[in-house]
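**Q** Take this structure, written in structure tokens, and hold onto it; I'll ask about it next.
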Amino acid sequence: MEDPVQLKEEGNKYFQSNDYGNAIECYSKALKLITDKKMKAVLYRNRSACYLKQENYIQAAADASKAIDVDASDIKALFRRCQALEKLGKLDQAYKDVQRCATLEPKNRTFLEMLHRLGSNIQEKLHVQFSTDSRVQKMFEILLDENSDKEKREKAANNLIVLGREDAGAERIFQNNGVNLLMQLIETKDPELILSAVRTLSGMCTGHRARATAIVHLVGINKICSIMAVDHEEIALAACNLLQNIVDSLTGEDKKVHGKEEALVLDTKKDLKVITTHLLDMLVSKKVSGHGRDQALNLLNKNIPRYDLKNKDNSKTLFVVDVGLKKILKVLGQVPELPNCLPLTPNTRLNASVLINKLYDDLRCDPERDDFRKICEEYITGSFDPKDMEKNLHAIQTVSGILQGPFDLGNILLGMQGVMEMMVALTGSEKEVDQLVAVEALIHASTKLSRASFIITNGVSLLKDIYKKTKNEKIKIRALVGLCKLGSAGGTDYALRQFAEGSTDKLAKQCRKWLCNTSLDIQTRKWAVEGLAYLTLDADVKDEFVEDEQSLKAMFELCKTSDKTILYSVATTLVNCTNSYDVKEVIPEMVQLAKFSKQHVPEQHPKDKKDFVLKRVKKLLQADVISALSCMVKADNSILTDQTKEQIARVFLALCDEPKDRGIIVAQGGGKAMIPLALEGTDVGKTKASHGLAKIAAVSNPDIAFPGERVYEVVRPLVSLLNTERDGVQNFEALLALTNLSGKSDKLRQKIVKEKALPEIENYMFENHEQIRQAATECMCNLAVNKEVKERFTAEGNDRLKLIVLLCGEDEEVKLQRAAAGTLAILTAAEKKLCHKMTEVTSQWLEILQRLCLNEDLQVQHRGVVITYNLISAEKELAKKLVESEMLEILTVIGKQADVPNKQHIINVAREALVKCLDYGFIKTVS
């Protein structure tokens with residue numbers, strides 16, 4: 001059994017050596033073993049000191065209190081508790097403790113100074129508190145007085161919002177009956193006052209679980225949802241932020257340390273479930289405005305699906321699927337042109353599609369997905385009614401919405417009996433609303449070639465009729481997009497063109513015409529971009545499109561409008577124009593086999609060859625595509641989906657392909673825009689963006705390409721490209737980029753080391769591929785200046801130094817030899833131990849060093865002579881070995897050379913080495 005006294009002594013030693021963690025462990029073990037009260041008090045006091053050093057003030061105060069319970073005049077424990085309480089903001093209690101200390105030791109200057117300081121702080125706090133209380137009262141008086149002038153009320157409202165965002169101010173408002181007064185402001189029905197009240201409540205809930213819980217029960221979820229339901233965009237958004245802050249505080253997502261407050265709050269799951277239920281009810285209520293419905297969908301999107309799929313708890317999603325999936329489907333099925341439609345905004349149905357998609361992706365197994373599908377099937381089947389056309393429209397609109405979300409599920413639903421037939425039948429209807437819904441559904445349905453073939457066979461003539469005859473622009477543009485999508489059903493395969501030669505060009509021309517027509521509403525022009533997203537799979541169309549600068553600029557301008565739902569279509573169009581989509585590798589033998597077995601072999605369009613793609617990239621850069629992409633990256637996450645990010649990343653990578661173009665990309669902010677794409681999104685998207693960053697970082701000045709602190713964010717994406725699963729080009733360009741960055745500062749070198757890049761770089765130094773091996777060695781050469789890297793070479797039991805020495809002997813690869821010799825020169829200059837180690841790692845070291853010193857490449861020769869000088873300077877015994885070999889003759893020959901400008905630096909180092917040998921007495925001057 002361990003001795004508690006010995007444990008205490010060990011703890012004291014750990015404390016003196018600043019190892020507070022182990023000290024706490026020793027004191028805690030001793031406390032479990034000891035029964036003597038006085039000894040326990042000493043241990044608690046000592047442990048309190050450790051917690052103070054670790055800035056764990058709650059625990060420090062608790063331990064000091066336990067020591068004081070044993071001995072009320074324990075001056076050390078009193079002072080430690082005083083320090084902890086001061087840090088916790090409990091100045092009045094801290095003052096009492098230091099007052100007691102000063103009574104026990106009246107002449108102690110530390111106690112007297114602290115007593116004076118705490119007294120001043122308490123007075124100041126009381127003054128602020130009383131002035132804050134009076135200010136809060138004054139503000140409410142002004143706001144609730146109908147006779148106050150407008151300017152005064154606005155100022156009071158803004159001050160109240162600012163106070164609510166500060167913890168002290170929020171607490172004063174709360175303690176002064178502020179919640180009830182804020183409710184009175186809401187009841188005035190004045191939009192400005194409602195906005196101020198909601199924003200103040202939002203600030204009060206931020207990062208404070210107890211206050212958030214109190215506000216939930218004082219105001220009520222029902223009331224907050226009714227505020228969010230009003231037809232006022234700013235009020236709906238403010239109420240949404242209030243609910244989000246409440247949810248963050250209740251779940252701990254605010255990332256704040258709550259301390260003792262944790263113990264004051266009961267289980268919050270019930271409150272969170274009530275919030276979710278109210279939000280789902282809002283989706284189908286006719287009393288809720290379009291803005292309110294959008295915010296309810298946004299809150300569900302943000303808080304229900306898991307952020308991290310490693311977390312196995314998807315109970316929130318399962319609850320929403322069971323209780324609210326049919327409600328979400330009802331929103332998806334709304335037809336704005338029908339009289340009984342729920343209030344919507346242009347984004348409501350898209351937000352519902354995004355939510356359906358996220359919920360479906362969040363399901364963990366096939367039974368869960370089957371339940372989801374069955375609910376959808378039951379809902380759609382229940383909506384079909386031969387006697388009620390409005391119900392049929394609702395069913396088709398629901399399928400259309402699902403196709404915009406989880407496409408695989410939508411495709412299964414399309415296979416249900418009568419769904420495709422109903423779509424085609426509605427296309428032939430005389431009612432415009434029927435045509436509108438049917439055409440839009442056909443557009444979303446024709447993504448799969450099998451579905452497109454059915455529509456081409458059964459419905460393409462109807463679409464053409466609608467396009468030619470209808471006078472309704474909304475239907476006309478949708479019919480055009482439907483034809484565009486059907487025309488591109490063969491993808492990039494030149495042999496699978498669906499329409500006659502030239503038909504897709506005509507469709508594209510009409511899309512460009514509508515796109516450039518600024519008199520049309522944004523929604524119609526958005527559909528024109530959608531059409532181009534399909535048609536640009538045809539190389540003739542993309543060539544014509546990039547030549548039309550007016551159309552390009554019109555599309556880029558649309559990206560900058562408030563309606564960001566266009567982003568995916570724009571990104572897809574640019575992916576097609578730059579050919580940055582995935583192309584399967586063509587194996588000649590497989591092509592021959594396919595032809596022999598009479599299988600279809602995809603054909604490449606002549607204009608999809610490399611030189612045509614490069615011309616298109618040039619045109620896009622001239623049209624300021626980088627500014628448009630940078631603007632797209634800044635869009636809200638609910639609109640900028642991971643798939644859109646991936647598309648944008650593909651475009652950036654294609655634009656960075658030519659080294660000559662990278663300067664323009666950097667100048668227009670492309671480097672900065674790629675960083676968020678490399679950190680968030682799909683694995684493919686992050687890899688593409690990281691590769692784009694590598695291309696930029698390899699040839700650009702990091703200070704210009706990634707100004708300020710951004711350069712440190714680039715390191716992680718670059719290191720991710722060193723993974724052995726990435727292809728050789730990605731490995732190579734990442735190494736070049738890291739070489740460039742590591743040459744800038746030691747802080748950057750430290751960041752590269754911290755991101756665990758060294759094992760990967762060392763691995764590539766063994767690579768068979770010459771260029772990758774060279775790039776890895778060059779990177780190591782730049783990193784060798786770093787302290788941690790030197791320590792890795794100094795450590796025993798590894799062959800790192802041996803590898804560097806052997807790479808110095810690669811005479812046929814001059815650049816590799818140069819990098820390896822540079823690394824060795826840096827290491828031997830920094831560590832004398834490595835000079836000695838170098839002579840032990842391989843018996844060939846002397847021969848390799850001599851070859852370096854005689855090398856025809858002046859840079860290699862310079863490095864060889866520097867290494868020799870380092871060895872001579874390090875140790876007399878090493879110098880003796882070198883003098884006894886042919887190295888003395890080599891140094892003498894170099895040192896005796898006449899002064900030549902291009903070789904002077906080498907000659908000078910050789911002479912310094914000879915002087916060192918002279919000092920050792922190994923050689924003598926000839927008089």
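Every residue gets a Cβ built from N, Cα and C, even glycine.
Keep in mind that what you see is a predicted model, and the values were worked out from it rather than measured.
Just lifted these from Swiss-Prot, have a look:
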- 4-37: repeat 'TPR 1' (REPEAT)
- 41-74: repeat 'TPR 2' (REPEAT)
- 76-108: repeat 'TPR 3' (REPEAT)
- 167-206: repeat 'ARM 1' (REPEAT)
- 209-248: repeat 'ARM 2' (REPEAT)
- 746-785: repeat 'ARM 3' (REPEAT)
**Q** Note the mean pLDDT of the repeat 'ARM 3' (746-785), expressed as a whole number.
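**A** Mean per-residue confidence for the repeat 'ARM 3' (746-785): 91 out of 100.
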**Q** Let's see if you can do this one: DSSP helix, strand and coil counts over the repeat 'ARM 3' (746-785), in that order.
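**A** Going through the repeat 'ARM 3' (746-785) residue by residue, I get 30 helix, 0 strand, 10 coil.
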**Q** In the repeat 'TPR 2' (41-74), how many residues does DSSP put in helix, strand and coil?
**A** 27 helix, 0 strand, 7 coil
**Q** Sort the residues of the repeat 'ARM 2' (209-248) into helix, strand and coil with DSSP and give the three counts.
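**A** Counts, helix then strand then coil: 35 helix, 0 strand, 5 coil.
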